[in-house]
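If you look up TrEMBL, you'll see 288-456 marked as domain 'DNA primase large subunit C-terminal'. Residues annotated as [4Fe-4S] cluster binding site in TrEMBL: Cys298, Cys377, Cys393, Cys433.
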Amino acid sequence: MDFNLKKRARHDVKIEVISLEAKYPQNVMLYHYPPTEDVHIDEFEELALERLRLLRVFDRATTKGLRLLSDDWKEYVNAEMTRDGLRSYMRMGTSGSSTKQESDLQVRRRDYLSHFILRLAYCRSEDLLRWFVAREMEFFKYKFAALSTAEIKQFLQANDFHIHPLTEEQKDEVKDGLYESTVGQSVSKIELLEFYKVPFTQVLDLVRSRRCYLKAGFAYVNTHDLVSIVGARQLDEIERGMQAAKSFIADVEADERISRMIKSLHNSYTGKDYTVCRDASVPIESLDQLSKTSMPLCMRMCHDHIRSQHHIKHGGRMQYGLFLKGIGVTLEDSLRFWREEFTKKMDVDKFARSYEYNIQHNYGKKGSMVNYTPYSCLKIIKEMAAPGDCHGCPYKTLDQPALKAKLSSFGLSPAGIEEVMFFVSRNHYQFACGKYFMLTHNSTLEPTINHPNSYFEESQILMGNRQKRAPGPLQQNNKLRAAIKGGANRSMLNGDDDDELWKIAETQEKVYQSQKGIAEAFDDDLDLTEIME
């Protein structure tokens with residue numbers, strides 16, 4: 001048989017390459033169109049965690065009661081972004097930051113992609129949706145406030161806002177009303193400001209607070225207050241986008257690579273990794289003193305309970321035992337500490353049979369060899385302590401008289417106790433802990449407490465016993481990748497204990513960096529067009 005081989009005609013497919021500058025022309029964009037590029041699963045996970053850290057900065061600023069866009073608010077937000085390794089996002093909210101450098105274009109890209117990724121995680125319930133929309137609007141206003149007059153005009157034109165600044169003649173016609181309605185500006189500065197004439201229904205918040213001039217059904221809004229108009233459009237875009245995401249979330253969750261992450265992202269811990277202490281070794285002989293000077297209330301109560309009762313239930317052993325590991329107590333010292341206390345009520349053999357294995361297991365030396373992570377504040381606050389337990393967050397679990405008595409016994413003055421109780425009564429338990437830190441350390445700076453080990457570390461730094469280390473969000477991104485890939489038995493995203501050893505994390509980061517941008521790993525690419533449109 002004769003087979004004639006015929007060559008198939010080749011059709012060259014031209015792929016249009018759009019530059020980052022064309023895709024993301026400004027720091028402020030309305031998040032109208034879903035991104036259309038492929039994203040590697042590792043970067044997808046990294047962006048999700050990064051965005052969550054960013055939004056939690058604005059959440060903390062809101063909880064502290066700071067007025068949006070005030071100088072104090074901006075100072076706090078910038079300081080928290082710096083602390084959390086988010087300086088690139090901070091530049092987006094700084095005047096004169098809208099450049100065309102490659103690094104700034106990459107930040108715009110990360111901002112745009114991460115917003116749409118978190119839509120998938122926060123459209124799943126009304127509470128999550130409201131939290132997400134509120135924080136996103138705060139970030140939007142943070143960025144918009146940094147735009148120059150020229151950038152604002154460019155933004156309005158690019159997004160089809162059919163509003164234009166008043167001409168000098170138009171401005172002269174209403175100048176008296178502009179002088180009277182523009183608060184906090186001198187006449188000379190008002191002369192330099194540009195004003196826009198819009199229907200008053202578009203700026204009801206400004207009308208309500210009497211921050212604009214009204215005439216014949218129109219409001220005259222200056223450049224600084226223009227955010228009310230564009231913010232309304234952005235709010236509408238996000239809310240409609242969240243409803244769209246909600247309609248196809250079931251299809252998205254069918255992808256095992258991301259379903260576990262988006263279901264539990266909101267409860268994940270995004271701070272520093274305390275799995276292994278590399279700063280110092282803490283001898284158990286110093287624990288009594290450290291419990292009085294450097295331990296948060298939750299851990300001090302566990303320590304006192306062990307010393308007085310010579311026993312503690314499983315929840316308390318996990319909470320306090322992992323905390324000790326995180327501050328630098330070695331496995332050998334930990335075994336000795338628990339053995340010395342427990343054997344005051346039981347013989348050595350019973351301790352070895354019932355408790356020794358669990359301690360070694362927490363250090364990653366037995367069983368699945370998982371090096372467990374100390375509990376974060378989020379996890380401790382969620383703990384439901386039964387009668388006789390001493391774990392959980394005392395600011396939440398203790399009734400107010402008992403908590404006041406406990407704080408008084410630890411040396412707080414009546415005035416100090418009331419300061420702490422102010423936050424407790426509003427369910428702001430972490431701020432209550434921060435206030436307790438200030439009062440017990442005679443500090444004027446209130447730390448952001450999101451982990452008991454962070455509390456201990458800040459205390460030791462303030463006392464001169466340790467040096468401050470730069471924040472390292474890199475390890476968190478590695479842990480997130482490992483959790484989503486299902487490479488271990490415990491996931492930080494599920495609010496359980498960490499499953500990532502330091503050496504594994506560092507190795508994975510090197511591999512990730514070497515593979516980043518390689519297009520041949522088709523199986524691990526997520527098509528954002530498919531999951532977001």
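Heads up, the Cβ atoms here are built off N, Cα and C, so glycines get one too.
Each of the binding-site residues Cys298, Cys377, Cys433 was scored by the other Cβ atoms within 10 Å of its Cβ; the lowest score goes to Cys377.
Of all the Cβ atoms in the protein chains shown, 23 others lie within 10 Å of the Cβ of Cys393 ([4Fe-4S] cluster binding site). Each residue in the domain 'DNA primase large subunit C-terminal' (288-456) has a pLDDT score, and their mean in this model is 92.
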